[in-house]
Amino acid sequence: MTLTALGMPALRSRTNGIADPRVVPTTGPLVDTFGRVANDLRVSLTDRCNLRCSYCMPERGLRWLPGEQLLRPDELARLIHIAVTRLGVTSVRFTGGEPLLAHHLDEVVAATARLRPRPEISLTTNGVGLARRAGALAEAGLDRVNVSLDSIDRAHFAAITRRDRLAHVLAGLAAAKAAGLTPVKVNAVLDPTTGREDVVDLLRFCLERGYQLRVIEQMPLDAGHSWRRNIALSADDVLAALRPHFRLRPDPAPRGSAPAELWLVDAGPNTPRGRFGVIASVSHAFCSTCDRTRLTADGQIRSCLFSTEETDLRRLLRGGADDDAIEAAWRAAMWSKPAGHGINAPDFIQPDRPMSAIGG
C-alpha cells in the first residue's frame, strides 16, 4: 500500500473506545475506528470538464491528469466488484470532473449493474451532454442522476460556469426524467452575489417539474484556493432567502446518513408541493454519520474529501496484486479515516487536489 501526501496538516484520527486502531478488520463491512460504515462508493471517471465553474476550476490553465494514470474500464470494474462483493458497498455513484466525458461510462455502468448483489447506481453530472445519453445510460443500468445547476438565469449561469450552456442542461434534465432516471435531483452551489435570488427561482422551477433541489454549501475545494467563509452563503442564508416565498417545514422522516437536511415545501395554490434539501457541509457538518469512500480517476482511495493521505490502488492493480491485497489496502485506508474534515479548525489548510480531481 502506497500513501501519497497531499501537502496538508495531519488530522489525527482518535479512537473513542470502540476499536483498537492498530488492528484493521479483515472481514465484515468497511469501517473506521469511529464505527462508521462506508457503503457508498464515489467513483471519479475523469478530472476533465466542459464547464469552468468559478468555485471549482480556473477559467484556463488547469493541468489534466495524464491519460496513462487514469484507471481503465477493466480496472474500474475490478475495483467496484471488490467494493460490492467484499466490502459491503451498496451504492455506487459515478462522478468527475464531468463523467459524461468518459468514453467508457456506459460500459462501466453496465458492468456495475451485473454485480450481485446489485448496488444502486447513480451519476452526478453537469447535464450538458445528458440529453443524448440519458436513454442509453438507463438501458445500461443507471438508476438515477443528480444534475448540477446553480441558476436558471442564463446570464447568471454563464457567469458562474463561464459557458453559455444553460439550454443544454435544461434539456438534459428533461431527458433524464423521460428516461426514468428518477428521482432527478438538482445540485446547486449558490453564487454569493446572485444566490439569494437564484435559489428562489431554482426551487420554484424544480417544484413545477418534479425535480428535487439540493443546495450545497460551497466548500474549500476550488483549484484557485479563493474560498472564504465570510463570503460563501450558509444553509441559514439559504433558508432566510426562501422563507419569504415558501412555507417550509422540516421533513419528519429520519435523516439517517443522508447528507441533506430535508424540508417540506408549500409554494401556494398554483405550484406543486414538494421537498428540498440543504447540505450544510461547512456550517453544520455531518462527518459523524459519513458513509462514503472515494475512488479518484487515477486510482487513489480517499477516506474523506479533505483527507491528508491517499492510498494508491492503481499501483497495486498494475503491480499484480490479488483481490485479497487490494481489499486489505482499501480497509486500511478507511480504518484511519479522521473524525471530521477539519474545515472549522483554526489550522485548516485547503487540499492541493481540487474537487474536479477528487470527484463529488
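From the backbone N, Cα and C atoms, a Cβ is placed for every residue, glycine too.
Among the candidates R22, R36, R42, the residue that Swiss-Prot annotates alongside R93, T124, K185, R292, T293, R294 as binding GTP is R42.
Taking the centre of the Cβ atoms of C287, C290, C304 as the [4Fe-4S] cluster 2 site, the nearby residues of that chain (Cβ within 8 Å, site residues left out) are R36, A285, F286, S288, R292, S303, L305, K337, P338, G340, H341. Here the candidates are the binding-site residues R42, C49, G97, K185. The one whose C-alpha lies nearest to that of C290 ([4Fe-4S] cluster 2 binding site) is R42. Inclusion criterion for the binding-site residues C53, Y55, C56, G97, S148: a C-alpha placed within 10 angstroms of the C-alpha of T293 (GTP binding site); this criterion is met by none of them. Annotation: C49 are the binding-site residues among R42, C49, K185, C287, C304 whose CA atoms are within 10 angstroms of the CA of G97 (S-adenosyl-L-methionine binding site).
Under DSSP, Y55 (S-adenosyl-L-methionine binding site) is assigned to coil, being neither helix nor strand in the three-state scheme.
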